[in-house]
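Report on the structure given below.
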Amino acid sequence: MSILKVIHDRNAGMMPEVYKELTEEEMAGRILKIKKKFGARLFIPGHHYQKDEVIQFADATGDSLQLAQVAQKNKKAEYIVFCGVHFMAETADMLTSDEQIVVLPDMRAGCSMADMANMRQTNRAWEELTKLFGDTVIPLTYVNSTAEIKAFVGRNGGASVTSSNAARMLTWALSQKERILFLPDQHLGRNTAFDLGIPLSRMAVWDPIAEKLEYNGDMKDIIIILWKGHCSVHEKFTVANIKSVKERDPDINVIVHPECTHEVVALSDFSGSTKKIIDSINEAKPGSKWAIGTEMNLVSRIIQEHPDKQIESLNPDMCPCLTMNRIDMPHLLWSLEQIDKGEPTGVIKVDQDIAKDAILALNRMLTIR
């Protein structure tokens with residue numbers, strides 16, 4: 001099955017309505033029964049942004065790459081039920097064996113940021129950038145991207161990046177070529193490049209809709225070309241949010257994810273990956289005060305886990321990631337019962353040609369220290 005077939009089948013095999021009528025107790029009992037029956041043959045990774053009702057059944061929690069790597073090391077599992085979004089399940093499929101079956105409980109669980117860069121747009125951008133800059137551009141893609149985009153990057157000598165290793169990967173990329181095309185999240189690219197000492201005046205933005213480069217200046221000065229994409233959740237944190245919490249309590253620590261805008265990151269006390277945010281709160285002194293700028297399910301979980309600290313969301317009106325939230329207890333149960341019947345649905349299988357090139361991008365990242 002090609003990756004395009006997988007994407008087009010997102011609405012196939014919809015969960016029967018009867019699952020929504022079950023009580024949480026009924027669903028939990030049936031989920032645990034299947035987990036016990038399958039034992040090590042079943043592995044459920046759960047992303048940090050998942051609801052508590054799902055995370056309680058996860059065999060491992062982490063960010064997208066951590067979970068894919070954990071799945072890769074798990075040679076016993078016949079079925080990997082990935083509680084995350086589509087691109088995460090794709091990465092897990094590419095890093096696991098052909099015999100292992102990766103399942104996404106709800107095929108509608110996509111990622112708006114990953115969908116902001118498709119192959120038609122990327123090929124068009126590459127064509128124009130090559131005309132402008134010749135062979136001086138290397139592509140990097142955030143792991144929050146489709147398998148096809150990772151494959152494009154791999155074919156063209158680039159690598160994938162995470163929010164944890166973005167600085168290291170940009171440094172490596174600039175040792176390879178004069179310029180970087182950073183996909184699909186402009187904010188992570190901009191914040192990371194700025195931290196490395198690259199001024200905003202040397203960063204341009206590629207608009208895939210208008211198919212043009214946004215830059216006021218001499219083209220030869222451009223070092224970073226940022227794809228005009230963003231995370232719909234993290235872009236909602238604002239400078240006004242920071243000013244509001246600081247005016248209310250000057251002692252509060254503001255920590256945000258680098259997918260937030262540059263203005264928000266610049267005004268925050270700390271910024272970093274999901275892991276850095278979690279570690280920072282874990283290591284903070286009792287009684288310390290924190291306003292966190294990241295996904296609401298994770299913030300709520302951190303608040304519950306640290307009653308000795310004063311923690312709140314930087315934006316009190318923030319909603320959880322809507323696509324991540326498509327994975328819920330009814331969909332998890334349905335997915336597991338389909339596996340139990342021998343009729344798994346929501347199977348993610350990346351075309352081998354795409355996987356081969358995408359793995360190049362992933363492996364380059366994993367080997368660069």
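A Cβ is built for glycine as well, from the same backbone N, Cα and C atoms used for every other residue.
Predicted, not measured: the structure shown is a model, and the values here were computed from it.
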Statement: From candidates SER163, SER232, SER288, SER300, Swiss-Prot puts in the same iminosuccinate site as HIS47, SER64, TYR142, VAL143, ASN144, HIS257, PRO258, GLU259, THR274 the residue SER163
- line: Sequence-ordered list of residues in the chain of HIS257 (iminosuccinate binding site) that lie 6 or more positions away and have a Cβ within less than 8 Å of its Cβ, or none, is SER163, HIS234, SER271, GLY272, SER273, THR274, ILE277, GLY293, THR294
Field: binding-site residues (CYS111, TYR142, CYS321), the one with most neighbouring Cβ atoms at 10 Å
entry: TYR142
- prompt: If H, G and I count as helix, E and B as strand, and all else as coil, what does DSSP give for TYR142 (iminosuccinate binding site)?
  reply: strand
Integer Cα-Cα distance in angstrom, HIS47 (iminosuccinate binding site) to CYS321 ([4Fe-4S] cluster binding site): 12
